[in-house]
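S.K.: First the structure, which I've put down as structure tokens, then a few questions once you've had a look.
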Amino acid sequence: ECAWLCDLWPCDRLKNTNVRVSLPAVCFVWQIAMIVLFGVFVRYDKESDAHWVELKKTENLTDLDNEFYFRYPSFQDVHVMIFVGFGFLMTFLKRYSFSAVGFNFLIAAFGLQWALLMQGWFHHFDYSTGKIYIGIESMINADFCCAGSLIAYGAILGKVSPVQLMVVTLFGVTLFAVEEFIILDLFHCRDAGGAMVIHCFGGYYGLAISWVLYRPNLHRSKRLNGSVYQSDLFAMIGTLFLWMFWPSFNSAIANHGEGQHRTAMNTYIALASSVLTTVAISSMSKKGGKLDMVHIQNATLAGGVAMGTAAELMITPYGSLIVGFCIGIISTFGYLYITPFLEERFKLQDTCGIHNLHAVPGMLGGFTGAIVAATASESVYSKEGLIATFDFTGKFENRSPGTQGGFQAAGVCVAMAFGLVGGAIVGFILKFPIWGDAADDNCFDDEAYWELPEEEETIPPVLEYNNHMTQQKHRET
Amino acid sequence: ECAWLCDLWPCDRLKNTNVRVSLPAVCFVWQIAMIVLFGVFVRYDKESDAHWVELKKTENLTDLDNEFYFRYPSFQDVHVMIFVGFGFLMTFLKRYSFSAVGFNFLIAAFGLQWALLMQGWFHHFDYSTGKIYIGIESMINADFCCAGSLIAYGAILGKVSPVQLMVVTLFGVTLFAVEEFIILDLFHCRDAGGAMVIHCFGGYYGLAISWVLYRPNLHRSKRLNGSVYQSDLFAMIGTLFLWMFWPSFNSAIANHGEGQHRTAMNTYIALASSVLTTVAISSMSKKGGKLDMVHIQNATLAGGVAMGTAAELMITPYGSLIVGFCIGIISTFGYLYITPFLEERFKLQDTCGIHNLHAVPGMLGGFTGAIVAATASESVYSKEGLIATFDFTGKFENRSPGTQGGFQAAGVCVAMAFGLVGGAIVGFILKFPIWGDAADDNCFDDEAYWELPEEEETIPPVLEYNNHMTQQKHRET
Amino acid sequence: ECAWLCDLWPCDRLKNTNVRVSLPAVCFVWQIAMIVLFGVFVRYDKESDAHWVELKKTENLTDLDNEFYFRYPSFQDVHVMIFVGFGFLMTFLKRYSFSAVGFNFLIAAFGLQWALLMQGWFHHFDYSTGKIYIGIESMINADFCCAGSLIAYGAILGKVSPVQLMVVTLFGVTLFAVEEFIILDLFHCRDAGGAMVIHCFGGYYGLAISWVLYRPNLHRSKRLNGSVYQSDLFAMIGTLFLWMFWPSFNSAIANHGEGQHRTAMNTYIALASSVLTTVAISSMSKKGGKLDMVHIQNATLAGGVAMGTAAELMITPYGSLIVGFCIGIISTFGYLYITPFLEERFKLQDTCGIHNLHAVPGMLGGFTGAIVAATASESVYSKEGLIATFDFTGKFENRSPGTQGGFQAAGVCVAMAFGLVGGAIVGFILKFPIWGDAADDNCFDDEAYWELPEEEETIPPVLEYNNHMTQQKHRET
């Protein structure tokens, strides 16, 4: 059906996974560009600059007033989620674990640098000095920004080259910074844990890329598109670090004090709830009530995604439980029925099922946040609590919770639109046959991009044994 | 010998591991019950409620006075211990790693919800409003409360179904909340790291369950009751995260300031000491001085358990070293001699040896705490330090350290009694043949409850080869 | 060539890996010595002593002023690096993972106790009371001090016995405390992340030991001196936890406030940069642009090492990027060319390549710090910022940045000298044939020191099958 595309894009040429020129070139050139741009634009903010020692005296601050102490423990948890969480979650494939954890490492390391710049230009640019001032909050936001591209990696896992992943990240971070600017700054939405800006955007971005890169003959790599016992255990390391630290993820940039406190607690509760419904649906769906590791590794996390916006708000503890309850069911159903349906009917190959873990829970989480925001009241939040929670200050002083809810809902649509349109465009760019991606029968294979160690146990020498038996027989006769 | 039981309980019927109805039913019904009960009872406490913004002003607080900043880093460490620590520690069995980490995940996610309710009713119930108010300390305590049931899981690992584990957790958390109320509230004991309320209780609870569920023919599953090289490495992930974060476990709910500081340091020192004596005894016990991974994975942790009560007190740094020194020896001896002895003579099958890691070190840790408390003096603690450390306020204003020591010792006995009696009762409930546990020859096998991936390396096709040889022979003749 | 040595040291006698007497003896005796020395010397410092409750009142402090809250989250991250980071990084060998993670555990647990004493005597000894007072900062420094010896373990991994490792640690910690005293106290250098005192010292210490212990016939163990797929994944756990928590490592004992803030951020940025150049060089060096896991596991971390001194200073964000950029290239080149060259020409066997990850990056990081210090100015730091950053107080009140730079450079030389000379001496001690190290054909094998589990998949019963076929044939004839 997409044959007309092949006229435009020569997608049928022989695939060649040699990246010996392109990968070093991309790494070197982009890293040098980072150095130059950092040199021109990036400086320490006032809380990480040595001048703070004087500022502390003039403003009568204590050491603990430094933002570092409010955010650093959460930052480290988020950092673990980005590198160990996302990295190991994708190691479930039997022969793609090096690429899962290694390329995740590479693109996150690049993405966070580019994010410091992009988010700096859009959010923290000081027009008087022409500089971006960075601190601990910039580091958390840079990690968040990477997450969007790492989610997208989940959809195309095993089917793209590291060079393509760098391109995905370059555009992913760029698009992220723009949609985040629209949603958080122009629409003045609340989205502490990024249900909209991270998960909804990242999910649809990855799905759109994967849809454009559809491989009709991917079944030729079917032998490698599955897990083994040990790889599922490595993936559980990723799952658990994501699950455990999700309260930190959602609360990392929430308001000081009760804001961070409530966000962490709501997320903690919702995640617990989604574990039980995931197990329930998984068990119901299989003969003998056996559980499926794919569900346990993924759908248990949907509670954290779905609380990305609402966790900061007064959703109540039982409200959090309900969100976790529903999203656990929806996400597991997605793995059971929607992902196969999308692949068969919409030609959408989604290796990790990010549709069910990020795209849909992110979208629903965004709408949940919109509803909770729209129903906010002074009796529940207190007058000052309402202003502080939604930052109804400055030109947003007179915004009502109802209006806020409307903007929150609009934010979800912006995130989806950026994901889908941006992903489609990036997908077309990646169809160029210059990126070193594998042929359809070599997907999901580390062999293409890694020097692999020899096998531990050599195959039993059946052939030798054969010869030996034949000789014996000759002797016998 | 227990034949008379079989008349009462039909324990001999054919075992059936199908949990397709029971597991989803338990998950759904109990999760819905949680939502209803949370809806009726659970609200944000004042430090996580949006009203705090106003409270902060009226009470002249700063953001940092929020309890969140005193406890959150410790909470995250405890959370890692519960899910990665306990989960991976039990992955040492060659074919039960999915169940180890997966069921640990399930029951902890349920247990923490039930614990928020049970501990709330017993400790934080506000009779004026009829509500429970939760915050960061509730989250830590809920994780602690789960730990009791996760310890019990260690004794019955491989021999029970996930439905039985949910029952173990339901009753475990309930019993925990009651004994904790007696020990901490009525007896006014100090037990920051839960040597008594968590480890001693959890250990004996699990042992009593396992004793009732004795399987005379468990040797039929012997082929699976052992580790392989990789599974031992996965277990070391659990060991190390438990070991590293134990200072946070013991100090998480200790007094602010010097209380948390001293508790963390004492635990850190004691754990280091128990590593050396564990290695020494392990090496002495084997031909050639070879070390046994079972000891390294478990007995090294006993120092943390044994300091659960005393770490908060002025036990002195060398006192901590001595506790670690002794308990490392005792625990390793337990693995070498006591566990086999208990299995042979007392028909007590203890898969993970929780007797040596939790029950005995917890009990001894409780008595250590009693002794250190009884010998406390104003010269060592200062007058106000003594009051603050033991909370000698209100109706306990006139309690002497000697009396405190007596109550601490009584607390150990309460914990043991609750564990043994409660565990025996729960064990009998679990003997009902409706829970889907495996037959004696299918224990320690993930196959019963998990869809397993196919093997990485297929077994050499001996059968095909057979046929091939036969045909060859026919042709030859 | 070193035949003259064999006259002095009987290095040719039959090797015997039996450590059944020596290992328990060392563990017991040294642990008892620790208890005695702690009893004589070690007490709680004023912030972890119960008297703090009174001090708080008299000095009008709040709970949060306790040093615990400034350092504890960083301490836990450092603790993870020491035990999981270093431990798992060395699990890459196919059959030496137990020893990697287990002996790392043992020697770090011993080393931190000895470090509390040694560093206490040199840095925190109170001559009026004759005691050492320890607190959270002592714990961090003790972990740091262990790191020196753990780095040295990397060079001799697979070639020494656990008893030898205990000796390496005993002397390593001792030497560390002395060189640290010279560099930090006498020279008054800044070295928050220990580029000089930890990495440069530890690296050259290990290299000198390994050089003395040169094994001419190590090729006989070549079959085991390599990785397998799963062991490389376990090693990535170590790599990532080191990489993620390096910002905490470098900032753990930096100045409160902006000091910790800036140190963490500079390290974060430099590490990201070194990932990209490592990938670039690794890909360029191999046919097809394939990546080498050895580089990804190690050279990506060099950015953290190289920033060990300068991260605390106003090196600027782009300065950090440049350091990461260069050191990623240098370290990867080291793995490609220098390590093989050193082995062939200088008879230096460096199992983990610590030359490229610690020795050289540590040395260059020290000199980088010297240059950044020498060029410090009041305009960049502010007057008070300069004093605070370099602690130009007391007898160092009038030191100029230029002089400081000179002393920093001298510090690097001291660290190298202590490493090389100390390592050579320790190496000769370890040549005594009493330590239980393996023969040249049994290196890199857990079998020597561990009770190993049986293999998961038994070899197909060829012999039985043979018999079966023979019987069949007999029946046929």
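Here the Cβ of each residue, glycine as well, is placed from N, Cα and C on the backbone.
OK, TrEMBL features for this one:
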- C:21-42: transmembrane segment (TRANSMEM)
- C:61-432: domain 'Ammonium transporter AmtB-like' (DOMAIN)
- C:74-93: transmembrane segment (TRANSMEM)
- C:100-122: transmembrane segment (TRANSMEM)
- C:134-156: transmembrane segment (TRANSMEM)
- C:163-184: transmembrane segment (TRANSMEM)
- C:196-214: transmembrane segment (TRANSMEM)
- C:226-246: transmembrane segment (TRANSMEM)
- C:266-284: transmembrane segment (TRANSMEM)
- C:296-315: transmembrane segment (TRANSMEM)
- C:321-338: transmembrane segment (TRANSMEM)
- C:409-430: transmembrane segment (TRANSMEM)
S.K.: As a test: from C:100-122, C:134-156, C:163-184, C:196-214, pick the stretch that has the greatest number of Cβ pairs under 8 Å with the transmembrane segment (C:409-430).
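M.R.: Result: C:196-214.
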S.K.: Considering only Cβ pairs within less than 8 angstroms, which of the stretches C:163-184, C:196-214, C:226-246, C:266-284 has the most against the transmembrane segment (C:134-156)?
M.R.: C:196-214
S.K.: Quick one: find which recorded stretch in C:100-122, C:226-246, C:321-338 has the most Cβ pairs under 8 Å with the transmembrane segment (C:74-93).
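M.R.: Stretch with the highest Cβ contact count: C:226-246.
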S.K.: Could you tell me the mean pLDDT over the domain 'Ammonium transporter AmtB-like' (C:61-432), as a whole number?
M.R.: 97
S.K.: Where, among C:100-122, C:266-284, C:321-338, do we find the most CB pairs under 8 A to the transmembrane segment (C:163-184)?
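M.R.: Checked against C:100-122, C:266-284, C:321-338; highest Cβ contact count belongs to C:100-122.
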S.K.: Any chance you could find the range in C:21-42, C:100-122, C:226-246, C:266-284, C:296-315 with the most Cβ pairs under 8 Å to the transmembrane segment (C:196-214)?
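M.R.: It is C:296-315 that shares the most Cβ pairs under 8 Å with the transmembrane segment (C:196-214).
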